[in-house]
Amino acid sequence: MLCPCRGKLKLLVVSLSFVILFTWLYLLVGNSENGRSLLLSACLVESTEARLLERDVLASRVREVEEENRQIRLQLSQSQGLAGQPAEGNYGNQQWVASADTGPEDVENTAEERANHSECSRSPTAEKCELLHVACVCAGHNASRDVVTLVKSILFHRRNPLHFHFITDTVANQILSTLFQSWMVPSVQVSFYDADELKSEVSWIPNKHYSGIYGLMKLTLTKALPSNLSKVIVLDTDITFATDIAELWAIFRKFTEKQVIGLVENQSDWYLGNLWKNHKPWPALGRGFNTGVILLYLERLRRMGWEQMWRLTAERELMSMLSTSLADQDIFNAFIKQNPVLVHQLPCFWNVQLSDHTRSEQCYTEVSDLKVIHWNSPKKLRVKNKHVEFFRNLYLTFLEYDGNLLRRELFGCPSQASSESTVLQQALEELDEDDQCYDFRRERIMLHRVHLYFLQYEYSPTDDGTDITLVAQLSMDRLQMLEAICKHWEGPISLALYMSDAEAQQFLRYAQASEVLKNRKNVGYHIVYKEGQFYPVNLVRNVALRNVNTPYVFLTDVDFLPMYGLYDYLRKSIVQLDMANTKKALVVPAFETLRYRLSFPKSKAELLSMLDMGTLYTFRYHVWTKGHAPTNYAKWRTATTPYKVEWEADFEPYVVVRRDCPEYDQRFVGFGWNKVSHIMELDAQEYDLIVLPNAFMIHMPHAPSFDISKFRSSPSYRYCLTTLKDEFHQDLSRKYGSAALKYLTAQRNI
């Protein structure tokens, strides 16, 4: 009787033991996955607190498993959708996350790793020293200014050699070629392509976009760029980089065999057609794509006949749409809608779009997520965005960043130095660093960055061949003189401004806010960027002198106000004195006032009256009489016709000459002999000095410059200036022979 009961009891005990053991193993394995152990809990299994702890751990583990399952199901559904590649919904409904750019090597990434965060350690980059190609369409003065900020942001982060390809009009070509030539950034190549030669390719397309015909030029890149160029990153000028562009270049490796274009999804509802009533956009896949940042696989595009394909697409859609609203972007999107397999969707942080109606804030959650910022609104920095202040500060960082600091070498990457860089290096090596005047000599050969036509310039010289440009230079502390000069001189002006990057932006804001300056399109502003410890006054003057388009120039200083009507008077004098066929320098007599507020004389008679009353003085009569004494002011008071004067030592008048006159000698920097040496060379070239009887200019008071303070306080400064004078005399004698000996004699007799 007891045997059957004893057997059942044994079975029950074994079963209970098995259940307990199974439960124990389950908990042990489950918690070991998270790096935890339940050995301690097992020892305290009798404790109520331990049991509560185990229950909480189990509940937490269940929630984690459920969340992992949910993420796996989400990834599975997305991968199935990608594999199917439906015609539209695949692009319109995707989340703006990094998974949009997942390659085969990323299959093992978890959902959290593939969320909208940039994983720096996992980001692919280009090969070390691989040459990266960047293309940009740039036309006009404003775009040329914008592209500099783009280039700065790229150079700041880059670790690879770069080759920039610019599609430019004549204006941008002149500005950017001068800028890059004077910038001398190592491991950077620049090529220019004439946009005028490409206009016929796209001029037949009606376009309502504010960029005009240049907004369609990106369609022609397969034709414009060299045939041996296989890949290129194409950027708008209103782009700012916040990371190394090599990371973007590396995405080319993720392209499938069929993909030819890499784009970021448009972050507004424009292509959904619901922004306003009766809004009819061009066809696009879902939200469409933004063409501010493009990866173009040129080799594949040429092979598939891209030029013919985009033309057919444009012709077909224009039959119903009549014109483009977003320039090339409309045509790119219409093409992609018909050929979705050709596009590789980039993560949205490669083109965070700050335009009206944008939803770009869904694209990032942290600063580290930002890689490229796109100011694709006509409002630019004034666009509405809840984080716009942060983006604006990032943009301003590069806007005002000292471009000289970007001349750093790429260590480990061999590069061929430019001819300018080689010449500069050789000249530096020839200098003696122990020379007391080493800094002065080094300043003479230093190559400063130059940005020509910083603001819009539109002027065509008069047809009579007598047109004349006022030429001057200034720094930030003379900026207040510009409006007054523009009121006194209605003709063209060429101004060279010696400024830092940050000061150039202050000047830009000042000029754009001034009613006087912003309405003058015949004033050329040329920025010479600061570098070194001296003011390279003659180098800055030469920049202004070289960039005039009239046959004659009036060489003056910015703290002088010309008499009213001087522009017309000088043009008449040019004809009267036959300057086209003779070598003459017309002298404009200089006066000065010590009053900041002056009732400016409207005639010679008024000026003579003020001179007699002591309101005006002949210029520097009490400080540097020799500078203008040869003008012969006593004779000028009664003169009614032009009269000739002879050169004398230290004579430095302000003159009108032909544009092909000798340039200023750039060895003279800061204060002293910068104009004297120029007049001396004019005399050596046998220019006649002719004083005009009814012309005058008045010097306005200002605080002493920093350089004149150094001249007065530093014996070393004065010694070096004397040394430079002697060397100039020697060079003048070698250049002009025995006729130049009179200058050395005159100097010794002083």
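Using the three backbone atoms N, Cα and C, a Cβ is placed for every residue, glycine included.
Fair warning: this is a prediction, and the values are worked out from it, not measured in the lab.
Swiss-Prot has this to say about the protein:
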BINDING   Asp557, Asp559  Mn(2+) 2 binding site
CARBOHYD  Asn116  N-linked glycosylation site
CARBOHYD  Asn142  N-linked glycosylation site
CARBOHYD  Asn228  N-linked glycosylation site
CARBOHYD  Asn266  N-linked glycosylation site
REGION    132-407  region 'Xylosyltransferase activity'
REGION    408-750  region 'Glucuronyltransferase activity'
TOPO_DOM  1-10  topological domain 'Cytoplasmic'
TOPO_DOM  32-750  topological domain 'Lumenal'
Exercise. Look up Asn142 (N-linked glycosylation site) in the DSSP assignment and report helix, strand or coil.
Key: helix
Quiz item: Which residue, of the glycosylation sites Asn142, Asn228, Asn266, has its CB surrounded by the fewest other CB atoms within 10 A?
Solution: Asn228
Quiz item: Relative to the Cα of Asn266 (N-linked glycosylation site), which of the recorded positions Asn142, Asn228, Asp557 has the closest Cα?
Solution: Asn142
Self-check item: Rounded inter-Cα distance in Å - Asn142 (N-linked glycosylation site), Asp559 (Mn(2+) 2 binding site)
Solution: 28
Exercise. Give the number of CB atoms, excluding that of Asp559 (Mn(2+) 2 binding site) itself, located within 10 Å of its CB.
Key: 19
Quiz item: In sequence order, what residues of the same chain, 6+ apart, have a Cβ less than 8 Å from the Cβ of Asp557 (Mn(2+) 2 binding site)?
Solution: Ala472, Gln473, Tyr654, His699
Quiz item: How big is the Cα-to-Cα gap, in Å, between Asn228 (N-linked glycosylation site) and Asp559 (Mn(2+) 2 binding site)?
Solution: 54
Quiz prompt | Asp559 (Mn(2+) 2 binding site) - helix vs strand vs coil (DSSP) | solution = coil
Quiz item: According to DSSP, which kind of secondary structure is Asn266 (N-linked glycosylation site) found in, if we only use helix, strand and coil?
Solution: coil
